[in-house]
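Shown next, in C-alpha coordinates, is the structure this report addresses.
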Amino acid sequence: MNAIIFCLLFTTVTATYEVFGKGIEHRNEHLIINQLDIIPVESTPTPNRASRVQKRLCGRRLILFMLATCGECDTDSSEDLSHICCIKQCDVQDIIRVCCPNSFRK
(Lines of atoms letter the chains of each structure in order from A; the text may use other names.)
(Lines give C-alpha, C1' and ligand atoms only; values in the text may rest on other atoms or scores of the structure.)
Protein backbone atom coordinates (compact mmCIF):
# COMPACT_ATOMS: atom_id res chain seq x y z
CA MET A 1 0.00 0.00 0.00
CA ASN A 2 2.80 2.40 0.91
CA ALA A 3 4.61 1.43 -2.28
CA ILE A 4 1.55 2.28 -4.40
CA ILE A 5 1.15 5.69 -2.70
CA PHE A 6 4.88 6.35 -3.13
CA CYS A 7 4.72 5.41 -6.84
CA LEU A 8 1.65 7.63 -7.41
CA LEU A 9 3.26 10.53 -5.55
CA PHE A 10 6.52 10.10 -7.48
CA THR A 11 4.65 9.94 -10.83
CA THR A 12 2.60 13.03 -9.96
CA VAL A 13 5.65 15.06 -8.98
CA THR A 14 7.59 13.95 -12.06
CA ALA A 15 4.70 14.66 -14.44
CA THR A 16 4.04 18.05 -12.83
CA TYR A 17 7.69 19.02 -13.12
CA GLU A 18 7.77 17.95 -16.79
CA VAL A 19 4.67 20.00 -17.61
CA PHE A 20 5.56 23.13 -15.67
CA GLY A 21 9.32 22.89 -16.18
CA LYS A 22 9.01 23.02 -19.98
CA GLY A 23 6.51 25.83 -19.67
CA ILE A 24 8.95 27.93 -17.63
CA GLU A 25 11.77 27.34 -20.13
CA HIS A 26 9.40 28.17 -22.98
CA ARG A 27 8.31 31.38 -21.24
CA ASN A 28 11.93 32.34 -20.57
CA GLU A 29 12.74 31.95 -24.28
CA HIS A 30 9.82 34.20 -25.17
CA LEU A 31 10.90 36.76 -22.60
CA ILE A 32 14.36 36.87 -24.16
CA ILE A 33 12.88 37.21 -27.65
CA ASN A 34 10.55 39.97 -26.48
CA GLN A 35 13.44 41.82 -24.85
CA LEU A 36 15.37 41.63 -28.10
CA ASP A 37 12.38 43.16 -29.89
CA ILE A 38 12.32 46.05 -27.43
CA ILE A 39 16.03 46.90 -27.68
CA PRO A 40 16.50 49.23 -30.66
CA VAL A 41 19.10 48.15 -33.15
CA GLU A 42 21.50 50.99 -33.82
CA SER A 43 22.55 51.12 -37.42
CA THR A 44 23.29 53.74 -39.99
CA PRO A 45 20.31 54.74 -42.08
CA THR A 46 20.42 53.61 -45.67
CA PRO A 47 20.64 56.58 -48.02
CA ASN A 48 17.92 56.89 -50.61
CA ARG A 49 18.66 56.47 -54.30
CA ALA A 50 18.82 60.20 -55.02
CA SER A 51 21.67 60.71 -52.59
CA ARG A 52 23.59 57.65 -53.84
CA VAL A 53 23.50 58.59 -57.52
CA GLN A 54 26.12 61.04 -58.71
CA LYS A 55 24.71 64.41 -59.69
CA ARG A 56 25.09 64.77 -63.44
CA LEU A 57 24.00 67.64 -65.63
CA CYS A 58 22.54 66.75 -69.01
CA GLY A 59 20.46 68.54 -71.61
CA ARG A 60 18.23 71.30 -70.30
CA ARG A 61 19.67 71.15 -66.78
CA LEU A 62 23.16 71.64 -68.21
CA ILE A 63 22.07 74.62 -70.32
CA LEU A 64 20.28 76.29 -67.40
CA PHE A 65 23.25 75.72 -65.09
CA MET A 66 25.65 77.06 -67.72
CA LEU A 67 23.51 80.17 -68.34
CA ALA A 68 23.27 80.82 -64.61
CA THR A 69 27.04 80.48 -64.24
CA CYS A 70 28.47 82.19 -67.33
CA GLY A 71 25.64 83.63 -69.35
CA GLU A 72 26.63 82.85 -72.93
CA CYS A 73 29.18 80.13 -73.49
CA ASP A 74 32.12 81.68 -75.33
CA THR A 75 34.38 78.75 -75.85
CA ASP A 76 37.54 78.46 -77.84
CA SER A 77 38.18 75.10 -76.26
CA SER A 78 37.91 71.79 -78.03
CA GLU A 79 36.39 70.21 -74.92
CA ASP A 80 32.78 69.14 -75.13
CA LEU A 81 30.85 70.41 -72.11
CA SER A 82 28.08 67.82 -72.52
CA HIS A 83 30.69 65.05 -72.43
CA ILE A 84 32.28 66.48 -69.29
CA CYS A 85 29.02 67.06 -67.39
CA CYS A 86 26.70 64.34 -68.66
CA ILE A 87 29.02 61.37 -68.81
CA LYS A 88 31.12 62.38 -65.82
CA GLN A 89 30.27 64.51 -62.84
CA CYS A 90 31.14 68.19 -63.24
CA ASP A 91 31.00 71.26 -61.05
CA VAL A 92 31.01 75.03 -61.46
CA GLN A 93 34.78 75.14 -61.96
CA ASP A 94 34.54 72.81 -64.98
CA ILE A 95 31.86 74.99 -66.58
CA ILE A 96 33.89 78.16 -65.94
CA ARG A 97 37.03 76.52 -67.35
CA VAL A 98 35.28 75.49 -70.58
CA CYS A 99 32.70 78.25 -71.19
CA CYS A 100 33.97 81.49 -69.67
CA PRO A 101 37.57 81.27 -68.54
CA ASN A 102 38.17 85.00 -69.17
CA SER A 103 35.24 86.18 -67.04
CA PHE A 104 36.39 84.53 -63.83
CA ARG A 105 40.14 85.04 -63.76
CA LYS A 106 41.77 84.48 -60.43
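From the backbone N, Cα and C atoms, a Cβ is placed for every residue, glycine too.
Per Swiss-Prot, these features apply:
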type	residues	note
DISULFID	C58-C86	disulfide bond
DISULFID	C70-C99	disulfide bond
DISULFID	C73-C100	disulfide bond
DISULFID	C85-C90	disulfide bond
SIGNAL	1-15	signal peptide
Nearest to C58 (disulfide bond) by Cα, among C70, C73, C90 (disulfide-bonded residues)? C90
Whole-Å Cα distance, C86 (disulfide bond) to C73 (disulfide bond), is 17
Euclidean distance between Cα atoms of C90 (disulfide bond) and C70 (disulfide bond), Å: 15
Measuring Cα to Cα, tell me the gap between C73 (disulfide bond) and C99 (disulfide bond) in whole angstrom. 5
Between C90 (disulfide bond) and C99 (disulfide bond): CA-CA distance (Å): 13
If you run the three-state DSSP split on C86 (disulfide bond), which class comes out? helix
To the nearest Å, how far is the Cα of C90 (disulfide bond) from the Cα of C100 (disulfide bond)? 15
Rounded to the nearest Å, what's the C-alpha distance separating C100 (disulfide bond) and C85 (disulfide bond)? Just drop the number here, would you? 15
Among the disulfide-bonded residues listed here, C58, C100, which has the most company in the form of other Cβ atoms within 10 Å of its Cβ? C100
Residues satisfying Cβ distance under 8 Å from C85 (disulfide bond), sequence separation of at least 6: R56, L57, C58, L62, D94, I95
